[in-house]
C-alpha cells in the first residue's frame, strides 16, 4: 500500500470511530435526559419524546453509530489485508451509504436545532412560551447531546468526501487517453 493510501485509510478509520463515539454519546445524552417540575401540584416531565425532531435525531444517531462501527470494521480488515481499492459496484455502495448517513444526520440536526431555538426563545406570534427557563437542566443536557450529534455529522461529511475520492479515483485517467494541453 502506498503511503498516501495508508494515511487516507487511517484518517477514514479515525473519522468513522469518532462518528460512532459522538453519535452514541449524543444518543445516550438525549435519551437519558428528563426533568420533572411541580406546577401547582401537577407534575410535568420534560423528556426527549416530547419533541418529534429529537426522536428523529435519536433514530438517526443510532443508525449512524451502527453503520460507522460496521464500516470501521471493514476499514480495519481492508488495511490488514492491504487492499485499498474496491470494485466499482462496492465503491458505489459505500459512497451511497456514506452520503445517505451524512444527509440523514444533517437533516436531523437541522430539525432539532429549530426545535431547540423554539424551546429556548419561544414563539410570541404563536404564544409558545420559553421552555428552557422552566427546564434548565433538561435544555442544557439536550444542548450537549445535540452538539455531540453535530460533531458526528461534521465527521460524516468528511467521510463522505473520502468515500467520493475513493470512488472517483477508480474512474481515473488511463494510459491510453490522449491529453490535451491547455
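The backbone N, Cα and C atoms fix where each Cβ goes, glycine too.
Different topological domain names are assigned in Swiss-Prot to residue 47 and residue 170, which places them on opposite sides of the membrane. Matching 53-73, 116-136 against Swiss-Prot, the residues noted as transmembrane segment span 53-73. Residues 13-31 are the range that Swiss-Prot records as transmembrane segment, among 13-31, 32-50.
Highest Cβ pair count under 8 Å relative to the transmembrane segment (13-31), across stretches 53-73, 90-110, 142-162: 142-162. Sorting the topological domain 'Extracellular' (111-141) by DSSP state (H, G, I as helix; E, B as strand; all else coil) yields 20 helix, 2 strand, 9 coil. Within its own chain, the topological domain 'Extracellular' (111-141) is flanked in space by residues 29-30, 32-35, 37, 46, 51, 53-54, 56-57, 149, which lie at least six positions past its ends and keep a Cβ under 8 Å from the stretch. Taking DSSP states H, G and I as helix and E and B as strand, the topological domain 'Extracellular' (32-52) has 4 helix, 12 strand, 5 coil. Long-range neighbours of the topological domain 'Cytoplasmic' (1-12) within the same chain, counting only residues 6 or more positions beyond its ends whose Cβ lies under 8 Å from a Cβ of the stretch, are 75, 78-79, 82, 84, 159, 162-163, 165-166. Sequence-distant contacts of the transmembrane segment (53-73) (same chain, six or more residues past either end, CB-CB distance under 8 Å): 13, 16-17, 19-20, 23-24, 26-27, 30-31, 94, 97-98, 101, 104-105, 107-109, 111-112, 114-115, 142, 146, 149, 152, 156, 159.
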